[in-house]
Amino acid sequence: MKFIFGLGNIGAEYDQTRHNIGFMAVDAFATANHMSFSPSKQFALVAKTIIGGESVMLVKPTTYMNDSGKAVRAILDYYDGDVDDVLVLVDDMDLPFGKMRFRAKGSAGGHNGLKSIMTHTGSQTFLRLKFGLGHPVHEQNVVVNYVLGKFTAAEKPDIDAMLDRSTQAIADWIQGATAPELSNRYNG
């Protein structure tokens, strides 16, 4: 089974915020594939389907961003999954706005959701699809307000285009594209 974890925060106040781009990407993929989410006992909302003969599970952790690893670990344990079959969709302030980047391994880069996943899985070698938010000034209160802020109307066309590209990128991964192939096709 392929597991696609979109990272974000649960609650209407976080809907359409920059930090929730992972949720937005997994929602876009679900919509494109006529999938709907339901609650699970593994601290998440899940949607399941089969694409090209491959079982696929979309996951939105309900633990809040900074404890996403709890849901990842619970899902992998319950479904006897492995980090090799995981794709994490996550925001990245160090990427220019509107760019996407696949990364097969590495540190959390200061992202608490990724840090939680690494802590709970004991691994840094899971595939991530990072969505560029751009970076405001490096003052902590400005950064927090930026990531928890909603996308502007001017940003919406770029976000929609990025979500469309991510839907195709996720489909390519499900169909067996390797990390280097995905990087060559989608990293911008």
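Cβ coordinates are placed from backbone N, Cα and C, and glycine is handled just like the others.
A quick note: this is a predicted structure, and the numbers were derived from the prediction, not measured.
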- Task: Could you look at Asn112, Asn141 and say which one Swiss-Prot places alongside Tyr14, Tyr64, Asn66 in the tRNA site?
- Result: Asn112
- Query: In which DSSP state, out of helix, strand and coil, do we find Asp91 (site 'Stabilizes the basic form of H active site to accept a proton')?
  - Reply: strand
- Which of the recorded positions Asn9, His19, Asp91 has its Cα nearest to the Cα of Asn66 (tRNA binding site)? Asn9
- Rounded to whole angstrom, what's the largest C-alpha distance between any two of Tyr14, Tyr64, Asn66, Asn112, listed as binding tRNA? 16
- Query: Of all the recorded positions given, namely His19, Tyr64, Asn112, which is spatially nearest to Asn9 (site 'Discriminates between blocked and unblocked aminoacyl-tRNA') at the Cα level?
  - Reply: Tyr64
- From the centroid of the CB atoms of Tyr14, Tyr64, Asn66, Asn112, the recorded tRNA site, which same-chain residues not already listed sit within 8 A by their CB, in sequence order? Asn9, His19, Thr63, Met65, Asp67, Ser68, Gly113
- Query: In which DSSP state, out of helix, strand and coil, do we find Asn66 (tRNA binding site)?
  - Reply: helix
